[in-house]
Amino acid sequence: MVHGMVMLIFIYSTCLVLVQRVEAADPDPLVDFSANATTPVFRNIFVNGDVSIGSGGVRAALDIGKFPGLTSEGLTVVQFKMVPCGENVPHTHPRATELLSLISGGPLQAGFVDTKGQAHIHILYPGDLIVFPRGLLHFELNVGTETAFYLSALNSQNPGTLDAAGAVLQLPERAAAIAFNQDIATVGALKSQRPYNEPPTLEAAKPGVCVPGQLISTTV
């Protein structure tokens, strides 16, 4: 009797885990190709995509609003042109894993921090790829002397992007001050200089912070 109850609990727990995993992913497509899409081709993403321009370069994204052909395919695509010492500032995607590929230029310093606080930092050269696991804090910085052209694919049609520094500075000043181990005045000054980054843009380093072609390393 006890053994039977244990088996029932085990089966129920397993089913619950499987259901939660299914609910956590984008649903499977129900059709071959979205009825709202007229073509599987999208042309000139840096003109016709969701383009955001920052001091560090240009970001052009595709979602189902811009490209109905992505509907129910569980994909988002973003392309980047990042100037030397430009950065895609630290952020997370709460609903997607990201695969990034450097096509030309750079190199890029890129990496993420895992839930143990371990930083995984790498230098990417043209032809290299890196994966950013779902929900983990990550960044890209052009440490080279040439504009970096790279692209990212994310396994959700709505991955979400959370600007890490901007998000912390949206908290009450006391909470942010404790998190940064700073005083209220310092956090207040940061809040006035650093708005939440939405839509996401690439940012250039201030003078003296980064020199193109120098400190090409994985040092934290």
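Glycine too: its Cβ is placed from the backbone N, Cα and C atoms.
Annotations in TrEMBL come from automatic prediction, not curation.
The shown structure was predicted, so the numbers you read here are calculated from the model rather than taken from an experiment.
The annotation signal peptide is assigned in TrEMBL to 1-24. TrEMBL lists 43-188 with the feature domain 'Cupin type-1'. The feature oxalate binding site is assigned by TrEMBL to ASN88, HIS93, GLU98. As annotated by TrEMBL, Mn(2+) binding site applies to HIS91, HIS93, GLU98, HIS138.
Its own atom aside, the Cβ of HIS138 (Mn(2+) binding site) has 22 Cβ atoms within 10 angstroms in the protein chains shown. For the pair GLU98 (oxalate binding site) and HIS138 (Mn(2+) binding site), the Cα-Cα distance reads 10 Å.
Remark: of the binding-site residues HIS91, HIS93, the most isolated position is HIS91 (fewest other Cβ atoms within 10 Å of its Cβ). Taking the Cα atom of each, ASN88 (oxalate binding site) and HIS138 (Mn(2+) binding site) are about 9 angstrom apart. In this structure, of the binding-site residues ASN88, GLU98, the smallest number of CB atoms within 10 A of the CB marks GLU98.
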